[in-house]
Amino acid sequence: MALLRITSPHTQRAGRRTSWVMLMVILATIPGIAVQSWLFGWGTLINLAIAAITALLSEAAVLTMRRRSVAFYLKDYSALLTAVLLGIALPPSVPWWVTVTAVAFAVIFAKQLYGGLGNNPFNPAMVGYAIVLVSFPVPMTQWVGASDMVSSGSMLSLSQSLQAIFHHLPSIDSYTMATPLDGFKHKDSLSSTAAFNSIASLKGANLNSWLFINGAYLLGGLILLALRIITWHTPVAVLSSLSVISGVFYLIDPNHAATPWFHLTTGAAMFGAFFIATDPVTSCTSNRGKLVYGTGIGILIYVIRTWGGYPDGIAFGVLLMNFAAPLIDYYTQPRTYGHKKAKKGLTIKEDN
Amino acid sequence: MQTTNIFSFHGGIHPPENKAQSLTLPLGHPSLPKELILPLSQHIGQSSRPLVNQGEQVLKGQAVAINNGFLSSFLHAPTSGTITAIEERVIAHPSGLSDLCIVIEPDGNDCWTERKPLDDWRRISKTDVLSYLAEMGIVGMGGAGFPTQVKLQGAHKHPLTHFIINAAECEPYITADDMLIREKAEQLVLGIEVLQHLVEADQVIIGIEDNKPQAIAALNNALAQHNNTIQVAVVPTKYPSGGEKQLIQLLTGKEVPSGQHPADIGILCQNVGTCVAVHDSIYLGQPLITRFTTLTGDALKAPQNVEVLLGTPVKHLLDYAQATHKKISRLVMGGPMMGFTLNSIDAPIVKTSNCILAASKKELPAPAPEQACIRCGMCEQACPASLLPQQLLWFSKSQEFEKAEHYNLFDCIECGACSYVCPSSIPLVQYYRHTKSSIREAREAAVKSDLAKQRFEARKARQEAEAAEKEAKRLARQKTSTQKTEGKATETKKATPAAETKTAIPDESKKLKVDIALAKNKLKKLQKQLVEAQENEHVEEINHLQLQVTEQEKTLSLLEQQLEKMATTPAEKSTKAAPAPVNEELKKAKIDVALIGAKLKKAQKQLAESPDDNELKANVRELEKGLAQAQSLLDRLTSSTAAQKADTPQKASSKPTVNDDLKKAKIDLAIAKAAVKKVEKALKKAEELKAPESGTLRQQLQEAQQRADSLEKALSNPQTQSPATEATKSNASTDESAAQKEQIKKQKIASAMAKAAINKLKKRLAAEPDQAESIQQEIAAAEKRQQEADALLAQLTQSQDTM
């Protein structure tokens, strides 16, 4: 009888492995994906398929080169999750090579070159998104509009979507329109009320479709919270700082600033707060740190949306805060049991 | 009965409880095994010393091993029988190593020795009750096995606000305490009363998890009958609520400051098992020889709780619980969260074995392969100490020990909650254990290397001194041959270097004295720390400090020896060191001559090849001049050293015989002093335990002190005589000052001893207030003595300073 000799603890929580965590996050995006597909057609699903295949292939290729067990690492679903997040974030009609570029760059450069899962300082999905946003601005800003708003008056059919993504759809312009954020950004000197009355992308129908999408991702985020895969700190910090800063500027200048409600229900606000900013690898670790980190992202989102060169600021906001995360971590250590104060910074000092 | 506020602690987990299995059967009483194995180290601290020999007959309850020092415990025979061996056996320890055990072969009669219950525990002094508990071998039965009397003594440092009885039993599978409360609620309450009498806390609270309704009912019932002030606090089931620090937080809302103990904030924790053991010893006169242990796990057909004799091999219990040996894949002593695996079923049950978990492969599967840390933070949410486990893992992996310490690694209680929740199956606790031990090792190594450096430097200095001595002797021998030829020539020259060395030697001795003072200071500090550590129960530190103290003592004695040497042979030294600088110059001059000679030869050769070269000619001329100069210098130097040598033997020969005697006397004195110290220590220990030997020890101490005193006198005599035998004034003065120093030292010792006596008396005063008057008188007398000694000391130092 050979007795196993290992140190304590001898049990583990059943079932909750890393792959389960990743899978749950993927599954929590389903409501959002469903709403997105319902509103904008097949494009998101096709993107997801392309992204998933690219991610798995690039991950497998790098793992082979690094002589790691391919099956073991593919089974943790982390590459798949990156693919899903990118597939959701990219416009539904974006050409296939944009998706492939984004995903391959995310997996190979932003993740595996740093040492694979757990070692990447930047959110891979957002690195991939930022690369294509900077490199291919035109396809990246063409977003399919709500079907009753666009000039063609209908959604892209499956074949049209495939054509738009894999080949070229000359009539694509009649299916796309600016997103509300884009529209509001280019209202120029119009006052807010005038803009909401005159600009097509700021009409009620278009705003509603984005409201639904954000609502669906909020639902997914709440599921993650309930499953205790994420804590409330980051999303609450992101959303509250975004609403506070937009509220302040709205109070100062209601004529030209948008309401907090507008900021929370358009663009990728909910998706970013619950699915992007909460990426554990690249965000802060302590609860207090997560609050600081989330607050920073919320502020950066508003800054980029309002004064920056891009309509939405999730990607850059998250990436910039990724830079700051280690520093924040040093200054937001929790107070350990039996200590009067929390330790700050990295100066090795006498105990308190 | 009052209700208490229940607070909460950070983190915690809810693993499957698995407690029902072992509670289906009633308490079992396994038969006597073929042999009982009693490891000498069942508790924290030094292992016990055996009192019996192989082949001896022992009765049930007879002490078979005595405590070995302050932090140690007694051991008793769990049944009557024969001591078959005292040898190394496999013990229940995480290391899986063997240790010295007393092996008893039961005779089957289970014949008790005479039991003497302590019926009058309310009347006799508390110290006596404590020493009785020590003799009964009571140690903490919750996990660590900390000697109970030491813990209770430590609790006197501050007034106690809370006396907490830990019945939480938060580990999955274990139900031993649950069963113990159900079976022995009344004994538990009586045991708590005894302990409360000893510690006098403001509040007595039993903390118990809400998953033990039957035990809670039994407790309430027993408390109602005894109409007691003991409160029962039911805490929600959450691991690790049974951890001492966590239970304190749950029941009082206070945190034990990092690096301190519950006693420091006026709280004492005792396990229920300990309380029952206290009851059994006080009321029944039974030493700690049995305990409740849970036998559980899928590999057992009849999982249950048993009251088992200490020393019973695990195999015997497994058979009793009808184990299917093939099914056991992991044998854990303790619970699944903090227990350790056994690698042999021959290991015995000890005082701290609360559970044997014979798990099948399905029940506790082998851990999944470790994946990358995704910093999900689940560990952080689970950590009861509010640490950042993911950061600690990072620092552990990269061996950034300073950062790991900065992130409070040493506040980790190794409860295993982080590993339990880790989705990547990272054995976090194992990483922390490894890092902790690496840091401890590094600290010890740093201390050791410091000491080694000091030793090396001392050795180097010694060797240099020896070499100089040898050189002096050699020169002296050489000199006798050349003395007649060049005697007078250099008398004037010799004067200066001699003066130089005279100042150099006092300098060195001064330095040595400073070193000694520093070393003494450090030693004192270390000793203080050691005593503190012993009082505060810092088990880890004690060994470490002990090591440091002994090392420091060694260096100190080394330094003192050196000083002695220097002080007794100043004259010798002064001549020894004298030739050194001259020799240097001589060497240099010789080298110069050789060099210039070589250059000259070369130049001459060149000149021979090209005889018309004016430059070369000039060169040669110059070199010749240089050579002549160097040669003259060399001559002068050699003659001067030779002259110096002439003087040495006269001074060198005078002292050695006296010195030898002196040295011998001093060594004798040191031995005697050491003996006094040893006896004093033993006496102190005996007094602490109120042992009967204290009388004889005291006598021994007096004798030893007398011996030491007489030796000291003898030593001071030759010292005062020795200067008379030597005519030189300088020697006389140095010896006089040495004698004075000796006196100062003596006075210092007297003052220190008086101080110690005062302290001791004060302690006694605190412990035995009924004898206050007589003790106070003694204190006054001792204080007077100390003052006198201090006054004399001041006088002496003053006179020394003026000298």
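Every residue gets a Cβ built from N, Cα and C, even glycine.
Given the ranges A:100-118, A:290-308, the record in TrEMBL names A:290-308 as transmembrane segment. Sequence-distant residue pairs (6 or more apart) of the transmembrane segment (A:20-39) and the transmembrane segment (A:70-90) include at least 3 whose Cβ atoms are under 8 Å, placing the two stretches in contact. Applying an 8 A CB threshold to same-chain residues 6+ apart, the list for A:Thr179 (FMN phosphoryl threonine) reads A:Trp143, A:Ser201, A:Asn206, A:Trp210, A:Thr266, A:Gly267, A:Pro311, A:Asp312. Only residues 6 or more beyond the boundaries of the transmembrane segment (A:70-90), in the same chain, are considered here, and those with a CB under 8 A from a CB of the stretch are 18-19, 22-23, 25-26, 29, 32-33, 36, 44, 47-52, 54-56, 58-60, 63-64, 98-99, 102-103, 106-107, 111, 116-117, 124-125, 128-129, 132, 140, 268, 271, 275-276, 315. Sequence-distant contacts of the transmembrane segment (A:290-308) (same chain, at least 6 residues past either end, Cβ-Cβ under 8 Å): 181, 185, 231, 233-242, 244-246, 249, 257, 263, 267, 269, 272-273, 277, 283-284, 314, 316-318, 320-321, 324-325, 328, 332.
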